[in-house]
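Listed in TrEMBL:
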- 174-194: transmembrane segment (TRANSMEM)
- 200-219: transmembrane segment (TRANSMEM)
- 254-275: transmembrane segment (TRANSMEM)
- 282-302: transmembrane segment (TRANSMEM)
- 338-357: transmembrane segment (TRANSMEM)
- 403-423: transmembrane segment (TRANSMEM)
- 430-451: transmembrane segment (TRANSMEM)
- 471-494: transmembrane segment (TRANSMEM)
- 540-644: domain 'STAS' (DOMAIN)
Amino acid sequence: MGSLLNESFSIELQQLDAASTDTARKERTQWLLTSPNPPSLWHELINTVKETVLPRGKTTKQSRKGAFFSFMQGLFPILKWGRNYKATKFKHDLMAGLTLASLCIPQSIGYANLAKLDPQYGLYTSVVPPLIYAVMGSSREIAIGPVAVVSLLLSATVPKLVDPAVDPIAYRNLVFTATFFTGAFQAVFGLFRLGFLVDFLSHAAIVGFMGGAAIVIGLQQLKGFLGINHFTTKTDVVSVLVAVFKSFHNEPWFPLNFILGCSFLVFILITRFIGKRNKKMFWLPAMAPLVSVILSTLIVYLTKADQHGVKIVKHFKGGLPPSSVHQLQFKDPHIGEVAKIGLICAIVALTEAVAVGRSFASIKGYHLDGNKEMTAMGCMNLVGSLTSCYIGTGSFSRTAVNFSAGCETVVSNIVMAITVLISLELLTKLLYYTPLAILASIIISALPGLIDINEAYHIWKVDKTDFIICIATFFGVLFGSVEIGLLIAVGISFGKIIVDTIRPSVELQGRLPGTYTFCDITQFPVATEAPGILIIRVNNASLCFANANFIRQRILRLVKHTTDGHTKKKINVLVLDMSNVMNVDTSGIVALEELYRELISQGMQLGIASPSWKVINKLKAAKFLDKLGKGWIFLTVGDAVDGCLTSKMDV
């Protein structure tokens, strides 16, 4: 019976591939065995640097000149698109920039307050970084400036080193130093093409982090919304609610702050609803924050509400952003903690900016280079740290306004920055009576966009493990701190990667009838196994110290289940499909040697199919092929099955 199955299987294989003769199969195996050695790690590193830095082709004088201009255009994209810039585009960019400034000015003041800085530093961050990005950035729509999440990160981490209420100057200097480190890390990520580091925050982690941060930011605004003088420096829900409860008992409460804040919050939300219903009215929600600031300031000034408990901004400096070079604290005893804060902020800011930029770039139909964006973000934050700015990045809400306003290029950022600069020169005195409750309401109105319940539900339907990461990050931020939430997200993500690496799956392969395709017999029950041959595929990119022993045991378990199960099939050859294995280390080779010895002791032969370039090279170097026999190495699984069947095995 076994011989009949063998003959029918062999005949079908010959019909499917008549050219697959024994000679041709051996020739294909020789291609595999005589392939040149892959480049070493050192050569790969040198080639990567050459591709990144040096021009391709012949290094003639003309080519070097062209390469220099190409390099400069890559570093400063404005040199490329600026030559074709037309007045018709400027008309759209001008309107978009002015609309953007009307939203940016009140938001920047509010975000500076969230970061526990004076209002002018939020406005400075809306002047210098956008100008630098306009020269170096490649996104046409992204709006640069301070954002809520990064402001929260600073206010949650830096006060642990220096209390801003006790020493505001030292606090501000550490914020500038953290901004410098943020820019340095971002620039290094971009120059050395380390963008994959940003991916350590998975999509699920970002959804959970943004949702938790939005609630925490909203709770932080209760200080300005209710006019509370003494407030906790902690960000978790319990501490904030306890601080609010204590303020009602220990401090006088002035309801005018709450009334002003609620009134204009309702106004802003109504304008946003109108803007969503009628796309032509996009300018209305964009102008609403600035209108709220102007009207509330006039109300407070005319009614003298500040004398009745309404908290106001009071005087803050205007003018050009001053130099902060000498305020950077590289000799501070907390410099290690500041660098760590800079790294966290760099990753979070880049994650938000790249996600925002790519989202709108896909709508416009062009590609956004993540590494170039990182370099641009890094340079703008480095320069910003030297000009009294704190960390800036791409804002989703302002980018959406910029896009809706019809921006054509990053000139809209230049228009916005110039408008903010004019405001710093002329309008700072007029903002003296601006109530803090209005700034709180502006920030609160921007928070619903950070909470994406639909996306969280989508994650639940697609991947339950990712949903656990999302929820854990959300509650970590909400009831712990921002750092705890991020650590939970990265920790669970790494744990998932480690588990997938150390416990990879192995699957039995069979041939689909009428084809020469081999696939998982569990997924495709119609697939048939070759008589006397067991085909097992390893589903992992690396056979290494972390999983080699586990994979060996799983393979032996499958062999035992096949030979000792209900069918009790006789197995002569085990074909190991290594098409998914891209690399192997010494532990993996030792595991293969042990597997080979155990199979030989049971009267079976081991065959290896589809080994990658690095795998076959290391197997040759370890002399494993000499033990196995070069006749048991095959280019494909089909060659392995055909070779085993035509060798006239006794089955």
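Just so you know, glycine gets a Cβ as well, placed from its N, Cα and C.
Please treat TrEMBL annotations as automatic predictions, because they have not gone through curation.
The shown structure was predicted, so the numbers you read here are calculated from the model rather than taken from an experiment.
In the domain 'STAS' (540-644), helix, strand and coil residues by DSSP number 58 helix, 16 strand, 31 coil. Using the rule of three or more Cβ pairs under 8 Å, pairs at least 6 apart in sequence, the transmembrane segment (174-194) is not in contact with the transmembrane segment (282-302).
Per-stretch counts of Cβ pairs under 8 Å to the transmembrane segment (200-219) identify 430-451 as the leading one among 254-275, 282-302, 338-357, 403-423, 430-451. Residues 78, 81, 85, 89-90, 92-101, 104-105, 108, 123, 126-128, 130-131, 133-134, 137, 139-144, 279, 282-283, 286, 320, 360, 363 of the same chain lie 6 or more positions beyond the ends of the transmembrane segment (403-423) yet place their CB under 8 Å from a CB of it. Long-range contacts of the transmembrane segment (254-275) within the same chain, counting only residues at least 6 positions beyond its ends with a Cβ under 8 Å from a Cβ of the stretch, are 224-227, 281-289, 292, 295-296, 299-300, 305, 308-311, 435-438, 440-442, 444-445. For the transmembrane segment (430-451), the list of distant contacts is 106-107, 109-111, 113-114, 119, 148-149, 210-211, 213-215, 217-218, 221-225, 227, 257-258, 260-262, 264-265, 268-269, 272, 289, 292-293, 296-297, 300-301, 305-306, 310-316, 396-397: same-chain residues at least six beyond its ends, Cβ to Cβ under 8 Å.
Mean pLDDT across the domain 'STAS' (540-644) comes to 89 in this model.
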